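Novice: Sharing a structure, written as structure tokens. Questions coming.
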Amino acid sequence: MDFYFSRFEHRRPPEPLSTPSWVRMIWQVFAVAALVLGANYIYWRWTASLNTDALWYAIPLVLAETLAWIGTVLFTINLWQEKDPPPGVPPTEINDCLRADEAVESRPIKVDLFIATYSEDVELVRLSIRDAMQMTYPGPLDYKVHVLDDGRRPEMKAVCEQEGANYITRQSNIGYKAGNLRNGLEHTDGDFLIICDADTRVFPTLLSHTLGYFRDPDVAWVQTPQWFFDLPEGEDLACWLRRKAGGAGYGVGWLAQKIVGPVTIGRDPFFNDPRMFYDVILRRRNWANAAFCCGAASVHRREAVMQAALRSYVWSVDAEIDRHTRDIRDPVTREALQDAMRPHVAFDTELTPYKFHVSEDIYTSILLHGDAARRWRSVMHPRIESKMLSPQDMLTWMIQRFKYAAGSLDILFHDNIFSRRRFKLSLPQTLMYATTFWSYLACVWNTVFLISPVIYLFTGIPPVSAWSTPFYLHFLPFFIVSELAFMFGTWGISAWDGRASYLSFFSMNLRALDTVLRGEQIKFHVTPKERQTGRFLYLVKPQIAIVLLTLTGLIWGGIQVARGEVDDPSGYVINIFLGRGEYCRHAAAYLCRHVDPPRRAGGEPMRIRDALLSARSYLTILIGFLLGFAIVVWVEKQMPARVESSSGMTLSQDFPPLPAPRELTFDEAIWARVAWQYYVNNTQPNGLANAHDGEPWLSLWSVGSYFFAVVAAEQLHIVTAAEGDERIAAALFTLGQLPLNAQGLPAAQYHADTLQILGNPDSSAIGMGRLLTALQTLLWRYPQHAAAVRDLFNQWRVGALISNSPASQAAAPLHHWTLAADEPRDSFGYRLYASHTLRLIDSAAGLAVTNPPQGQQMIDIDGIMVPDEGLRTPWGRQPSLISLPYLLTGLELGFDAQSAEIAWRIMQIQQRRHSLRVSKPPISTDYAEPAPDYASALADRQPQSAFAPRSATPEQTAITSTRTAFAWYALFRNSWSEALRQQVQTLQVPGKGWQRGLNLNRSVNDVVDGDTNAIVLESLAYISRGQMLCLACLSPAPLPSSSAGATP
């Protein structure tokens, strides 16, 4: 009889892979690097890139990425090393395969070959019988071929009689294939048995190449690779194009193959080639003794199968008895009932050498590997010893794959295979089996990966808060190193089919998972061995839907970008590449196949050129992502910088009116006196005050804070006018005694008592800005101190703070500040704050700061555009926006349009984060960062400049700041600011002052410093009297009107 596969009979199997040692070494190096980079990427995704406005989208995606990375870890362990056990010399008699204490009378080894059949064509089975009869062996062997026919067909019996095979059948089909094999065992007595399907045609060398492993008496079975010799050969790309487009098409195809190597169209459309599984995945489990049985073409030791069956039988009987007696408290009664039940339960329980299960092969493997009484071993033999037929249509393919998935998942969820109570698997074995089951669960997160680009392309909602460069800087190193790792890890095997099918199986595996979780019985369908006819398009509706949605999303996203309706097209570019990749996996995988380059005879190592051709799928994807990264960088460079300056930024329509001054409440007056107590305790005899409680040092910034504190205390009637004048005069005099640096300016820090310069003698432009703002306040509010203030201006070379900027296209030369390299407050916000005073000295200085020549870059924080401060967190390098300088501007100088709008935007960011927090009360920091840094429990996530100390602990940096809490409370009086103020109310220490705030770990930051207490006093004075510096007012300043607000 002529079959469709008759024309393929001449084909010969490929040799097993032989990976060079240098390739294995490179694989292991890259694999470890990939796992580390992957962990870094996953950490970044969870801590610095979630879109808090779309957690419904962001959380499932990052969870899917995490689960996929865990799968990568397991897969890496699986592929870690290639360790084939030596096959050994074929044994000549049975005692060569037994322990010394199990020796029996010398005799030839008995081998039974089982061909399990049910409804297959009897002529097909005849071919399997004939090939089985051709078995050769170098020594004496008692070898028999048995056909196990569950179809009870007379014609099958006749074929067995004609071919000389033993025919075995039974009256029922209980247990399906497993029951059929049990029946075969009951009618035979071979020492070893070979399991074959109806289409398994063994080679004559099968036993001579595998029985040598059984010289080890602990080897329970040997699995050989399955080889489908009937895979479609496809058509050469050039020839296919010639049929479609003539000579021009042939030329294009010929050129393409010269570049990328041989390509065929229509080869193996159902991903049936199992070389990746047998020659790489299962073979690499030999080192862990975890290569499981795959059924056909495997050789089993009867003793192991029966011994495991007996132990499983005993365990099942005991478990059933325990289920009925475990609730009996009296031990005597319970034991008596158990003894009475045992013979009845034993009679009702069947002895099953092969579990009555749709996946009896892997179940039996777990049973044997987990047998603590006898540590059975398994071997994955690398050389192909048989050939068989592949599924020829979609329905057959689906039936086979569904059985694999549903059977494995049923074992996972219903048999407690990882429980040490029954199965004593070693750690490596546990990890290997976990890899198998994890791969079937991957359908869940693969579905998320498939629909994620679709969601973004249609809605524009990003799952991450950092597309483009930040995303690529974390993802691309991980991705590139992973691709290189698995290129070397699967050296010599084309991985395109496996990668495509891994995603394409998602709907079928989801269906299998649903079947198992709902407790439905998994029906055993015999895999058809002939092509089934019909329209099976309904089987791939989910795949078609994903392809169509992705294509539509790509078109829609492209239209949106082309129309200029996307602020940041880099996200679309990234998702276009991701979506294109998914489309190619689903569409091109069914049309175009890369032909594995020919291997050298004898299993010799593959030439590097051929191996690289096999790795084209990895290289192609790498090139594609690098191209995508280049496009993203180019797109970002083409986008105009977002510039907003004091002349260009206007107040939002929802900006609230600033509160009118009012008298302090009794509690507020107490809070002010607590704050002033700090300066009572920390004022030096020379008139200056310590920056920190009990620590005799000060900074230019802290001196400015001290002056504001004195002014506020006098306004609030905490000190008399005379005491205030005395303190101001003493401090001004001592300032005049400070030693200056080489530039004629005060240094950044001094000893508060001796006035010696501490640390770097350079000045601090930002600190000088705050001090000059305080001096300007004194100059306008206290004319009696004007002479002393002017003396300081004359003594200090304030002009050294300003120098000519580089050449610009402005009509007038712009100026900027010369800042010390170690300036801890070097940011746009603090420059803007200090410029308000410096512009009084040189009007161009303020312009240079508020409207820098290159434009002020804006960044998106939680969906709100704010200026990029240029600071980064030490760990995540995320942008940080500082709020304090804008609040100080409002308290001391009165808001202008720019500082008011920025402060308002910062407040909206923090209010939004408060609304998303599960754990209240609200937070307020001196910074606003991209989520979720604000909620991080890591101290080093706190924003600092690049040269700030990176050893900060939660006790050194407050996340909920007392000073900003009071500033928000004074400037914007609403429910959020009131809740914020209540949160820090417990931080007052009578007789000492206000503590700094609450730490990242929610403990109290018990540092008491001048800056915190000064700003508390300023805030309360603002509530009572308004802003500190009123250039058009005389001292004492009148109360502002209730309509006062931000000035343009």
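Yeah, the Cβs are placed from backbone N, Cα and C, and that goes for glycine too.
So TrEMBL lists the following for this protein:
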type	residues	note
TRANSMEM	21-43	transmembrane segment
TRANSMEM	55-77	transmembrane segment
DOMAIN	114-229	domain 'Glycosyltransferase 2-like'
TRANSMEM	430-459	transmembrane segment
TRANSMEM	471-493	transmembrane segment
TRANSMEM	536-559	transmembrane segment
TRANSMEM	615-635	transmembrane segment
DOMAIN	671-1026	domain 'DUF3131'
Novice: Would you say the transmembrane segment (55-77) and the transmembrane segment (536-559) are touching, if the rule is that at least three C-beta pairs must lie under 8 angstroms and be 6 or more residues apart?
Specialist: no
Novice: Relative to the transmembrane segment (21-43), which of 55-77, 430-459, 471-493 accounts for the most Cβ pairs at distances under 8 Å?
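Specialist: Looking at each of 55-77, 430-459, 471-493 in turn, the most contacts to the transmembrane segment (21-43) are made by 471-493.
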Novice: Report, as numbers and ranges, which residues of the same chain sit near the transmembrane segment (55-77): CB under 8 Å and 6 or more residues beyond its ends.
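Specialist: Distant Cβ neighbours of the transmembrane segment (55-77) are 31, 34-35, 38-39, 41-42, 45-46, 49, 428, 431-432, 434-435, 438-439, 441-442, 444-446, 448-449, 452, 455, 461, 463-464, 482, 485, 489, 916.
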Novice: How many helix, strand and coil residues does the domain 'Glycosyltransferase 2-like' (114-229) contain under DSSP?
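Specialist: Per-class counts: 43 helix, 30 strand, 43 coil.
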Novice: For the domain 'Glycosyltransferase 2-like' (114-229), what's the mean pLDDT in this predicted model?
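Specialist: Here the mean pLDDT over the domain 'Glycosyltransferase 2-like' (114-229) amounts to 95.
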